[in-house]
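A short worksheet on the structure shown next.
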Amino acid sequence: MQEGKISQIIGPVVDVDFPEGQLPSILDALTVTRQDGSKLVLETQQHLGEERVRTIAMEGTDGLVRGMSAVNTGKPIQVPVGGEVLGRMLNVVGDPIDGKGPVPAKKTYSIHRAAPKFDELSTKTEMFETGIKVIDLLEPYSRGGKTGLFGGAGVGKTVLIMELINNIAKQQSGYSVFAGVGERTREGNDLWHEMMESGVIDKTALVFGQMNEPPGARARVALTGLSIAEYFREEEGRDVLLFIDNIFRFTQAGSEVSALLGRMPSAVGYQPTLSTEMGELQDRITSTKKGSVTSVQAIYVPADDLTDPAPATAFTHLDATTVLSRQIAELGIYPAVDPLDSTSRILDPNIVGDDHYNTAQAVKQILQRYKDLQDIIAILGMDELSDEDKLVVARARKVQRFLSQPFFVAEAFTGLAGKYVKLEDTIKGFKEIIDGRHDNLPEAAFYLVGTIEEAVAKAKTL
């Protein structure tokens, strides 16, 4: 074990001197034992010459002094993987933070791993059914694909993520990995308790590096979650869901340490290695012939500017986008997905079939027409519309309400049992509304129901 001495500490960046010929490799983990016996992990970032390396700390550097010993572990940060991490909450270096004692994992993985080779990748494009009508119909997720979840505060990003975890765990007995990157600790705490209550915790591993952590932890915790997910894909051949909340903070953490590492900033002060870092992370999220990692990434958009380098770099990797809208949340329609703003690469008749594609396009057309007519309605009222337009508005309002759905994880708020709607039922329901087969039903019948049969049954009780 090579041992070095700390020579300089600048916030989260620590320089360590090693004896000649014993330099650690780039990305190797070093451990420092503090006075109280706790261990601090440093990750090697640069060789500065003269037997000195520059490292980033994964925890606060309080209490470190020059001359302290740093031991080279000889390999990158290793985290526990396998069935033992399910139902547990870990930090960036794989230590448990749930107070339930050590994780008895038989195997560890490095957080830095090569992306799968070309010949290992699966080329078939498959739709991934979520049981959420608006997603399955208008912006279908692909298995092994990447989805961006764009939304401001309080429009339901976390509830949507919770519902996805719940549906995957119950319907497809799949595993989920949740990586909390630089978000509020309170939200992580809420998520943990909600998962315990809803019973999905046994099929989920949680990894957190929240806002209060130093940038080293926030820049690496997404990789920790990804390694745990990769184990289930490679060694157990599973289809895993990886949730990252929030991918913007991963970039933000990288930009915080970039200047301290002495790199010249690039556009808007971001790190010059922005697209490389994002690419290394995103390239590992993929389907192989063994299994798949499907990711849903919450993306914060600074100052609502989608051309900002951070969200713009993430955009290039996405297969589908789900945009949550405050205007729709204000109407009381949950999930508050904007049906006209959300997109998917696989909404293509060759992949999802003509029936699905045509129904989705018809839904978008009728909603767009309603949107165009809203100004006229606001100024002149409904009476000034032609009979044809009145019919369009009536059907569009039914479609809009039918896009809402009671969630399993929101039963406490809605008082309604959650619904998982199969794709064929979703397509059938919207097709019937658009064809005018339910023009005689009141629009309230379509609000917060699952299938079209439930809407018809609800209409009889109104």
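Counting starts with 1 at the first residue shown.
Using the three backbone atoms N, Cα and C, a Cβ is placed for every residue, glycine included.
A simple way to gauge crowding: the CB of ALA153 (ATP binding site) has 8 other CB atoms within 10 angstroms, across all the protein chains here. DSSP classifies ALA153 (ATP binding site) as coil under the three-state reduction. Residues or ranges marked as ATP binding site in Swiss-Prot (evidence: sequence analysis): GLY151, GLY152, ALA153, GLY154, VAL155, GLY156, LYS157, THR158.
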Suppose the ATP site is GLY151, GLY152, ALA153, GLY154, VAL155, GLY156, LYS157, THR158. Which further residues of the same chain have a Cβ inside 8 angstroms of that site's Cβ centroid? LEU324, ALA329, ALA336
Cβ atoms near THR158 (ATP binding site) (within 10 Å, other residues, all chains): 21
Looking only at GLY152, GLY156, which of these binding-site residues has the biggest number of Cβ atoms within 10 Å around its Cβ? GLY156
For LYS157 (ATP binding site), the number of other Cβ atoms found within 10 Å of its own Cβ: 25
Neighbour count, 10 Å Cβ-Cβ cut-off, for GLY151 (ATP binding site): what number do you get? 23
Intrachain C-beta neighbours of GLY154 (ATP binding site), sequence separation six or more, cut-off 8 angstroms: ALA329
